[in-house]
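What follows is a short report on a single structure.
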Amino acid sequence: MESNKSSSHGDVSTSPSFLNNHHQFNNGGDIIPKKKKNRIMHVGSYEVGKTLGNGTFGKVKLGTNICTKENVAIKFIKNNKLSGKQKETCFREIDIMKLLDHPNIVKLLDVVDKREEEGTTYLIVEYVSGGELFDYIVAREYIKEKEARKFFRQMISAIEYCHANLIVHRDLKPENLLLDSNGDIKISDFGLSNNIQPGKLLESFCGSPLYAAPEILKAEKYLGPPVDIWSLGVIMYAVLCGNLPWEGDSQAEISFNSVHGNYEDPTHLSAEAVHILRRMIVPNPKDRATIQELKNHPWTNIDYQEIPKSHLPPRDAVHEIKEDIFAHLISLGFPNTKETRDIILKNENCGIVNVYHLLLDRYASKEVENLKSKLELLSKRKKSFSDKRNPSTNSLASIPEDSNDLSSNNNNNQQQQNSPPSKTNSSSTSSSNRESNNNSPSQGSIKEISLDELDNHIEQLDNDIENSDNNKSSSLTRRSSDPNKDIENSLKAQGLFSSYSAPGVPNSDHNYDFETYQQQQQYQQQLHQQQLQLQQQYQSQIQSDISFPHDDVEIESYSIQQQQLQQQQQQQQEQHKEDNNKPNTNLRRNSIAVSTFMEDEPNEMPINNLYKMNEQIQQQPIIGGSGNVMRSQFNQTLPTIDQQPVIEAPKTRRMSLDSRMLNGDQQSLVEKNQHMASPRTSKGIFKSSTTTTKSPEKTIIELKRSLEESGLFTKKKGPYLFLCFDEDNSVKFQIEIVKICNLDLTGIQLKRLSGDTWKYKDICTELVESMKL
């Protein structure tokens with residue numbers, strides 16, 4: 001695009017190319033800047049929507065499946081902005097999430113890798129609409145033991161599942177614990193997770209200092225599972241108490257208490273709750289509780305009949321190790337020894353066996369998907385092969401039913417005579433292949449079939465299709481000097497005929513009356529002459545500029561000409577209907593009737609009708625921006641009889657804004673405004689920080705008053721949405737007024753966007769308490 005240079009007077013360049021690219025003109029010649037089109041981005045089969053937040057490696061946007069309309073979360077990973085260590089961490093997260101399948105873990109649905117084209121990798125993950133557990137805590141100040149026990153059991157189940165598969169999370173905190181629409185926990189963000197290698201210690205410093213175990217803060221080598229147990233204990237303390245266990249006047253004092261596990265027991269909790277917290281928040285990892293102890297703790301199973309499920313599927317023993325899966329297992333860091341193979345074959349209850357079975361399940365699912373795609377490709381190839389062997393009917397022509405077998409036999413005889421013996425053999429081979437294809441898994445009963453056999457099957461079908469195309473093309477190599485005859489002959493070879501010609505008469509049909517054929521030829525010539533006259537009159541009217549007559553004489557002559565045209569067309573229709581009503585036993589069923597210039601039945605519309613419809617559509621008045629009525633000129637003339645007609649769909653005119661408003665967009669615009677005039681509806685009250693019986697309008701007034709008194713920087717993002725920022729603490733969050741579904745209540749939802757979590761909690765608590773609800 002050319003750069004816009006400014007002249008000495010500061011005017012922007014108005015070159016024709018610039019104006020054409022960036023502006024459009026109205027009737028008065030004024031420049032109207034073009035509106036930017038909202039381009040919809042697609043990633044795979046998902047439509048990208050609004051931004052949900054920022055993840056560890058990039059933005060997270062809402063996605064919608066084009067077919068199922070299911071919502072997903074799409075993580076954008078810009079590979080060129082990641083360091084070598086970050087790339088390793090990122091793709092390790094992808095490998096780990098591919099292996100996990102647990103109801104309380106966010107599921108990775110798909111990976112769209114476009115590193116070579118766009119330098120971006122897209123992770124399609126499960127969309128969790130309930131927000132963070134931390135926001136849920138802020139909304140209630142703290143959570144009662146009964147509800148906290150439900151969350152705890154779900155977290156134990158997910159963590160045990162990870163540890164059993166030799167995966168440690170290492171970054172458990174309330175911000176990475178999400179709530180779905182049913183209020184269940186979903187563990188997310190496995191960016192800092194790692195594989196637990198038997199006999200090896202981890203040494204990476206990672207996680208949040210407030211939730212990290214003492215061995216990580218002291219930069220010691222550590223085991224994986226005890227680290228997650230410590231973080232789980234700190235999370236449960238925050239859930240039950242609404243604040244962290246570490247207190248102090250300075251950051252150094254807080255860090256000291258965190259490393260040594262110094263905290264006071266909350267007085268409002270039961271003895272069982274205090275005890276289970278003390279078993280998890282233990283500085284020495286060797287003395288810290290295990291998952292099995294927590295599952296069987298009395299507090300965990302109050303009001304429950306059984307301990308939390310791990311959702312580990314039963315594993316059958318394997319009798320043979322697949323080398324490709326074993327190589328993948330070794331790439332994850334497991335030892336390549338005979339002992340590892342023996343453990344897998346013995347099916348011992350250990351992490352190596354679980355990881356091997358996870359990889360085995362993953363490879364099996366891939367093979368199933370490949371098999372499905374191969375079967376779909378096979379069915380498509382077979383369909384295209386049958387379509388080429390048996391050409392279907394045209395929208396303007398149909399093959400007579402009585403001549404199907406006869407015409408196909410004639411075509412086959414011609415192909416066998418003109419083709420060499422090798423091609424004849426290939427055709428017989430293809431027929432045998434088609435018989436064998438009827439027993440394929442795509443049509444008959446499901447049989448065991450390998451991918452190699454499917455590939456050979458598809459390759460054979462391709463050869464058959466190519467041979468059939470060569471046979472068809474060789475039968476049409478001879479062409480006469482007349483191009484119209486060439487077209488007619490090629491159509492007759494397939495049983496199809498031009499819409500200007502009479503019904504085709506194959507040479508082998510002796511039942512067809514020759515006198516009837518001559519009568520139809522004469523009738524065809526008469527129709528052609530009448531159509532030529534109408535075309536000449538119509539073209540002369542176009543050339544004489546009949547745009548809207550201004551004088552009365554011109555209006556009268558114009559109306560007379562239109563009446564004459566209509567009378568001639570009506571006469572043609574009546575004459576054609578009389579001819580059609582005459583009984584004729586020699587005519588075949590479903591033969592191609594010669595259509596008149598204005599046919600009533602849409603299924604037998606001639607080509608001239610399509611051009612006529614095109615002209616009528618283009619001549620309809622279009623409401624412009626100034627309200628004037630305009631006429632569009634014809635860009636193409638009607639085809640003559642000698643020309644082979646090219647069938648085109650009628651061009652639909654682009655509707656102006658006024659005409660769209662008249663056609664119903666105005667009502668949708670009103671409905672949209674009505675939707676914006678009311679607050680969003682929220683399912684349940686657990687997402688709201690507080691509720692009130694006041695109307696949304698009165699709640700807005702009270703919220704504005706509290707925001708003015710708080711001194712927060714506030715920006716209104718919508719009728720019921722506010723963006724708030726605390727400059728002192730660098731905390732950014734949003735407040736939204738919602739309607740509670742099925743309840744006559746108004747809710748206030750708070751969501752942290754950035755900044756320290758516990759400073760955000762203090763600000764929100766103070767703000768909600770100042771509101772008189």
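Every residue gets a Cβ built from N, Cα and C, even glycine.
According to Swiss-Prot:
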ACT_SITE  Asp171  active site, proton acceptor
BINDING   Leu52, Gly53, Asn54, Gly55, Thr56, Phe57, Gly58, Lys59, Val60, Lys75  ATP binding site
COILED    362-390  coiled coil
COILED    445-474  coiled coil
COMPBIAS  1-27  compositional bias 'Polar residues'
COMPBIAS  405-443  compositional bias 'Low complexity'
COMPBIAS  468-478  compositional bias 'Polar residues'
COMPBIAS  561-573  compositional bias 'Low complexity'
DOMAIN    46-300  domain 'Protein kinase'
DOMAIN    724-773  domain 'KA1'
REGION    1-32  region 'Disordered'
REGION    382-445  region 'Disordered'
REGION    462-487  region 'Disordered'
REGION    558-588  region 'Disordered'
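Mapped onto this structure are the features recorded in Swiss-Prot.
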{"residue": "Leu52", "record": "ATP binding site", "contacts (Cβ under 8 Å, 6+ apart)": "Val60, Lys61, Leu62, Ala73"}
{"residue": "Asn54", "record": "ATP binding site", "contacts (Cβ under 8 Å, 6+ apart)": "Val60"}
{"residue": "Gly58", "record": "ATP binding site", "contacts (Cβ under 8 Å, 6+ apart)": "Lys75, Phe76, Ile77, Lys78, Lys81"}
{"residue": "Asp171", "record": "active site, proton acceptor", "contacts (Cβ under 8 Å, 6+ apart)": "Asp189, Gly191, Leu192, Ser193, Cys206, Gly207, Ser208, Ser231"}
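Classification of the residue listed as 'active site, proton acceptor' by DSSP places it in coil, neither helical nor stranded. In the three-state DSSP classification, Asn54 (ATP binding site) falls within a strand. Counting residues per DSSP class in helix, strand and coil order gives 14 helix, 22 strand, 14 coil for the domain 'KA1' (724-773). Under the three-state DSSP scheme, Val60 (ATP binding site) falls in the strand class.
Over the coiled coil (445-474) the predicted model carries a mean pLDDT of 55. Val60 (ATP binding site): 19 other CB atoms within 10 A of its CB, across all protein chains.
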